[in-house]
Amino acid sequence: MTGKTLYDKLWEMHEVKRRDDGSSLIYIDRHILHEVTSPQAFEGLRLAGRKPWRIDANIATPDHNVPTTKAERQGGLEAIADEVSRIQVQTLDENCDDFGILEFKMNDVRQGIVHVVGPEQGATLPGMTVVCGDSHTSTHGAFGALAHGIGTSEVEHVLATQCLVAKKMKNMQVRVEGKLPFGVTAKDIVLAVIGKIGTAGGNGHALEFAGSAIRDLSLEGRMTICNMSIEAGARVGLVAVDEKTIAYVKDRPFAPKGSDWDKAVTQWQNLVSDADAVFDTVVELKAEDIKPQVSWGTSPEMVLAVDQNVPDPAVETDPVKKDSITRALKYMGLSANQPITDIQLDRVFIGSCTNSRIEDLRAAAEVAKGRKVASTVKQALVVPGSGLVKAQAEAEGLDKIFIEAGFEWREPGCSMCLAMNPDKLGSGEHCASTSNRNFEGRQGAGGRTHLVSPAMAAAAAVTGRFIDVRELIQA
């Protein structure tokens, strides 16, 4: 009998019923809520006279719309200038209070981006099914959990029934073997993967990351990679459970305790793909070939190593690709064959559910220490992923390093990742961003986003352009 993949095992563990149409009813262990995709779901419960099926399976926190300046946060809900944003945050508070759901409210130290808060609280555990009304829920797959985003109607379904109807996906494995070169990070791995397979490469697949380079990553690095599985076309990203996974989860608030912990660890150790498991697709990369990456266009697959030049549509034979490159160059204000290192930056954003954890901030601070933000850079933001990450960074003195260098040290939230709060790009502005999407207008109408690692973003901030971060730091 052929072995099972990690995805196969997780699916079978949670399959309640297989339906005649080929879909299945899947049990959901953890549901994370935020202010944007939950209001209609709660209203649906009220209209139907229902209550959440399992209240303790849900946690909530506002993140997308919250302001990130200290003054705005101290002002409370009334200080949220945008009326829609204010109503959404207030409505989440009211809904969680009404239905008895645990919420880390805007000024709770535990508040933050949903995909940072879940793991740091231990609300995300190996072997779980985890859903949230946000596509980057794939982040939680770093723990050997089956995690994916859902729509607003599905948020209501989970609240009401603790189950979802889903169709099983195919299995894809991305193997990254070898040692990463100095200065190359998890963000560079996943950008290189997307550059290789494209944004449709993982369509219809659960994407498991494996290989020695993945095993060498910390859990925070693995979260970065699983986070951007979505940009590779997959709905699910996974990394097998190992001793690092278990060590990260141990003693966190929601983690099992005592004998329950021992039983859980025994079960979790089986959350790996069997040696003889067969994947529908296998993609391989050599870690030593990966360099610091920079996206140049309007899709995450439009990415290059920092020492390369922007492509020339004139030499592209595929008419669709030719048109895509031409359009991207026009929107981004770049020229064919322009060196990546010639791209000048207006703003820098270090944050988002991709790269706002303590290791990300440490990496950026290492570059910023003793340097100053370039005079040509209008703004450089550092936005921790949660209040607890912020507190840890401040305990380590990272905030002082950033502030002395000329960065703005902010309160936790999604911030400039998306144009749903006051942190936005102006039209035509180039931003080095540690977020996950560089679509047209993603960070503000007419804004031009370049995806990079935290260290590369910090290097861009202090030089005013893209530079190989390895020119600034020592091994």
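Note: Cβ is positioned from N, Cα and C throughout, glycine not excepted.
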Cross-ref Swiss-Prot: [4Fe-4S] cluster site C414, C417; candidate in list C353, C431 matching that site is C353
Counting only other Cβ atoms and using a 10 Å cut-off, which of the binding-site residues C353, C414, C417 scores lowest? C353
Which state, by DSSP, holds C417 ([4Fe-4S] cluster binding site): helix, strand or coil? helix
Env. residues of [4Fe-4S] cluster site, Cβ within 8 Å of mean position of C353, C414, C417 Cβ: D63, H64, I113, H136, G351, S352, T354, S356, G413, S415, L418, S435, N436
